[in-house]
Amino acid sequence: METPVDDPIKDEHESPRWKNSTVVFVLGGPGSGKGTQCANVVQHFRYTHFSAGDLLRAEIRSGSEFGAMIQSTIAEGRIVPSEITVRLLCKAMKESGNDKFLIDGFPRNEENRIVFENVAKIEPAFVLFFDCPEEELEKRIMNRNQGREDDNIETIKKRFKVFVESTLPIVSYYESKGKLRKINGAKSSEEVFEEVKDHHILGIAEQHKTETSIRVHLPCRIRN
């Protein structure tokens, strides 16, 4: 693949400036309340919030050469390559001036995860997963009355099927690495955020513990 226009990685070589930043992925089915809780986390913990879909749409609206390429890809019914999405995320992170990032609805699949780790060269500190039964998700989406064309039962079921097939394996992957923080998304918004705060504190504590362990176990010369 050719290097995208305004490549945010090209001047960073092998060590992006954000490599020591805190990155938190936020996953959950459609209607699980990710957006609401991301807003709460931003307000209380001063993260910068990014949505991969929002970044793609913003790039299209900008009228840039890169945006035109994205729009053409979508218009042709093709999936935007993971590398393009990841490079947009990296560009946004680089330009934000922050070192704490909340990335909503990403990675959606295994390819997203692999490309992010290879391009950004960092892994998430932890992953917030809003676990909610399909029936509850359907009810929420149908009741929110946002007038969206895709807010119908058939489309909702298709979206949930894609989530189960593509994203749940990512959830399992991070669970196996001890990075998953599972939230009961069926509770009220207030109760959910209380869980989020607890898991955030735990996740950050585990991150610091790991970093300290790495420093402590660096090789050292034994003196006689």
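Even glycines carry a Cβ here, placed using N, Cα and C.
TrEMBL: automatically predicted annotations, no manual curation.
It should be emphasised that the depicted structure is a prediction, and the values quoted were computed from it without experimental measurement.
Among the candidates Lys94, Lys100, Lys179, Lys187, the one that TrEMBL lists alongside Gly31, Ser32, Gly33, Lys34, Gly35, Thr36, Arg144 as binding ATP is Lys187.
If you check the binding-site residues Gly31, Lys34, Gly35 against Gly105 (ribonucleoside 5'-phosphate binding site), the ones with a Cα inside 10 Å of its Cα are Lys34, Gly35. Taken residue by residue with DSSP, Lys34 (ATP binding site) is part of a helix. Put simply, of the binding-site residues Gly31, Gly33, Lys34, Ile79, Arg144, the one whose Cα is nearest the Cα of Asn112 (CMP binding site) is Ile79. When secondary structure is read from DSSP and collapsed to three states, Arg144 (ATP binding site) falls in the helix class. Under the DSSP three-state reduction, Arg57 (ribonucleoside 5'-phosphate binding site) is assigned to helix.
The binding-site residues in question are Ser32, Thr36, Asn112, and the one with the fewest Cβ neighbours inside 10 Å is Thr36.
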